[in-house]
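Beneath this line is the structure, given in structure tokens, with notes to follow.
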Amino acid sequence: MKLEPLFNLDPNTKVRTRFAPSPTGYLHVGGARTALYSWLYAKHNQGEFVLRIEDTDLERSTPEATAAILEGMEWLNLAWEHGPYFQTKRFERYNQVIDQMIEQGLAYRCYCTKERLEDLRHSQEQNKQKPRYDRYCLHQSEYPVDAPHVVRFKNPTEGTVVFDDAVRGRIEISNRELDDLIIRRTDGSPTYNFCVVVDDWDMGITHVVRGEDHINNTPRQINILKALGAPIPTYAHVSMINGDDGQKLSKRHGAVSVMQYRDEGYLPEALINYLVRLGWGHGDQEIFSREEMIALFDIHSVSKSASAFNTEKLQWLNQHYMRSLPVEQVATHLEWHMKKHGIDYSNGPNLAEIIPVLSERCKTLKELAISSRYFYQDVENYDEKAVAKNFKPEAIKPLAKLAEKLTALSDWTVENIHEVMSQTAQELDIGMGKVGMPFRLAVTGLGQSPSMDITAKLVGKDRTISRINNAIAFIHTQNV
């Protein structure tokens, strides 16, 4: 049968993988891991990665879901060489192949009504037989071609489908277990399993990496490929991802959408690093650069056991990348969160300056953005517990002394601010805590923050002194 490639298939490309999501919802972490494994295997073998949108479910597929999938792939920086291809734009190709299969006796029209099929199923169940089509229409000729019908693939009735799964090893399925699959519906639309076969053939896919829920589809697809005289890809069915309670990962475990992790403040580098370790590893190594993943990844080394999603581990990785990536790169991602939380970061220190300071305490960019407000916005409220502890009348004297000494500073440096704090404590004969804690609450409104010499340096001289004076006025009003 004639092969119609969508692009010039380079005969020197030994590996061509694909990611083929259905646009019926967001890109979830399971799909993202499948995409990552496919992408890594292609890159490891100097191959190509194809993106295909399997949108044959016309009722459930939406443009919004397609956009969300593409956004997720781009955010994860999983670039594709070919695509995205949409199955709904290839119906003519699928039907062309189906018509040729009918002509060659590889498929046949089935005119059976729903009632007949239901009666057949009921009869087989009564006789404790596995429900399957009885090929009643295979040799029928009295029906007009244009009468309502489906098209079925003529599946072999003898023999066994055998394939060596790259993850699970050898799998064998008897053809007696397989039915004559419907490959075209009554409305003329081709079915999912058939579209996948033609796409993998046309696109020269050599390795199919997908979830274990597709294992049952594989022998059916292999039989169609064999009937077409097409090469059979290597299949790799990866395990599901469970929550930390052992149950299938779902919304009740927290975020499951890739972009939801973005919204929660995770870096794409952290999520990629975490996902690659959910089923694959290299010794005891936990941190992998993208270059290391490409160099080391092998689909044959992926575990066939289910993996458990651990949010604490992801947070640990995220904090690592917040600290270790180039600060300008982290700042680019942080900008999105600052805008989302309504923080005008042009009115204060550069984001690159606050990231090293706050990332010691924050595990996500969302936390970091929220924690940074006092660098860019006036303090309107004070933490109540901190007020009760640190804004007593005796705090006025060290605050006033601080304001006086800080005002006199000509060089606003961390070292000079720290020296002012030490001098204030010495001159008033009090501990540094009696100076630092009221100072912190005055400048940040909080009971906790990075060290105050660094914090005040970033807040700026005028704002720092103004906030100290506001705090003194506040303490006076609380103790009238």
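Heads up, the Cβ atoms here are built off N, Cα and C, so glycines get one too.
Of the listed segments 21-31, 87-97, 340-350, 461-471, Swiss-Prot assigns motif ''HIGH' region' to 21-31. Given the ranges 138-142, 218-222, 248-252, the record in Swiss-Prot names 248-252 as motif ''KMSKS' region'. Counting every protein chain shown, the number of other Cβ atoms lying within 10 Å of the Cβ of Cys112 (Zn(2+) binding site) is 17. Residues of the motif ''HIGH' region' (21-31) grouped by DSSP class, helix first, strand second and coil last, total 3 helix, 1 strand, 7 coil. Report note: the Zn(2+) site is defined by Cys110, Cys112, Cys137, His139, and the residues of the same chain whose CB lies within 8 Å of the CB centroid of those residues, excluding them, are Tyr108, Arg109, Tyr111, Arg135, Tyr136, Leu138, Gln140, Arg152. Non-local contacts of Cys110 (Zn(2+) binding site) by the CB criterion (under 8 A, 6+ apart in sequence, same chain) comprise Tyr133, Tyr136, Cys137, His149, Val150, Val151, Arg152, Asp180, Ile182. Cβ neighbours of His139 (Zn(2+) binding site) (same chain, under 8 Å, six or more residues apart in sequence): none.
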